[in-house]
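Let me begin by presenting the structure, written as structure tokens, before commenting on it.
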Amino acid sequence: MMKPHISELIFFWVLFGSFGLLTFMVMSPYIAPIFLAGVFTILFSPFHAHVKKWVGGNDTLAALATVLLVLCLILVPLILLGVLMSQEVLSIYNAVSHGNGGFVLLDNATKTLEHYIQNVVPSFELKESVYSYIEVVLRWVGGNLNAFLTSVLSIAAELLLVLIAMFFFYRDGEKLHNFIVKWSPLSDSYDENIIAKIELAVSSVIKGSLATAILQGALLGLGFGLFGIPNPVLWGVVGTVTALIPVVGTGIVILPAVAFLLIGGHFISGAGLLLWGIFLVGLIDNITRPMFMGRGMNIHPFLIFLSVLGGLVYFGPIGFLAGPIVLAFFFALLDIYPSIVKGYAIKDGDTPK
């Protein structure tokens, strides 16, 4: 076979680069859902392997069953949380609409704060202001239900895309794996090593994040119950969700509760809940998250912490996953560096030979 002329090579690479860029531009709006689909695919791959055995090796049935499980695991908690939240919002609205209506915590807090302020400004009435502001907020929420529903529909569409992508990843994952190994210029053993480390990084990050969030939510709910905050189970669920949000965390739930207790004159309970939040709920995040992540990835927890922060800066909300995965990819390349560049294998069998 004749070698291609230099002009043919140039023309080919220009076409390849141009259409590669266009393909990226077309696919870029869906990078985040596809990335999340890849993450969930790796996370549920052990279950998928068992399902595949149960259905006699049928790739399509196994992929469909696994995706339906993930759908249930995501939708059922969200629906449950939505019902609880709507009930709580309704109870708050009823309490505000009927004066006190049993909304004792807010009522006591506003009365106490109003008493202190009236020592300086006698005509000041805080309670009426607080309740009127809450009514304004609730009316604003009601008036923006259309925008809220639009956001919900957008999230539902992205979730549907994630599930569809997961189905094809499970059904055709082996073909994709073979394609990557085939076209990579590295030897197959190095490709397998890198892929294995990325899968391990994904599993470690997800397990670390979810396990930590669930533990924080449980401790938050327990603390609310111990120190007299109503609806501790509901707030525990809310705390679990907020614990998954970088930077925000459980502080957005604990601090207002502490403020209400202190303003309402419950100083011991308020101080106790604050200490509970700092030394139990807060420190758990700094202990368990790096422990789970570092155990799987064999990377120093401080580097994982920095990769999460850097990922959030460069990749946005999905950066808490993307950052550690990029770091794991780099460390996988470091593992095979001596074998490729220096010509000798890493000891202890870390690099395939």
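Including glycine, each Cβ sits where the backbone N, Cα and C put it.
Summarising the annotation, TrEMBL assigns transmembrane segment to 7-24 (among others).
What TrEMBL lists as transmembrane segment is 61-84 (among others). Remote same-chain residues near the transmembrane segment (61-84) are listed as 40, 44, 47-48, 51-52, 54-55, 159, 163, 166-168, 170-171, 234, 237-238, 241 (criterion: CB distance under 8 Å, separation of at least six residues from the stretch ends).
Summarising the annotation, TrEMBL assigns transmembrane segment to 147-170 (among others).
Beyond its flanks by at least six residues, the transmembrane segment (205-227) meets 39, 43, 233, 235-241, 243-244, 249-250, 253-254, 257, 261, 269-270, 272-273, 276-277, 280-281, 284-285, 288-293, 296, 320-321, 324-325 of its own chain at Cβ-Cβ distances under 8 Å. Taken from TrEMBL, the feature transmembrane segment covers 205-227 (among others).
TrEMBL lists 233-255 (among others) with the feature transmembrane segment. Below 8 angstroms of C-beta separation, residues 81, 84-85, 88, 209-210, 212-214, 216-218, 220-224, 273-274, 277, 281-282, 285, 308, 312, 317, 319-320 of the same chain, each at least six residues beyond the ends of the transmembrane segment (233-255), sit close to that stretch.
The transmembrane segment annotation in TrEMBL covers 260-284 (among others).
The transmembrane segment feature in TrEMBL is assigned to 304-334 (among others).
Proximity of distant same-chain residues to the transmembrane segment (7-24), defined by a Cβ-Cβ separation under 8 Å and at least 6 residues beyond the stretch ends, is recorded for none.
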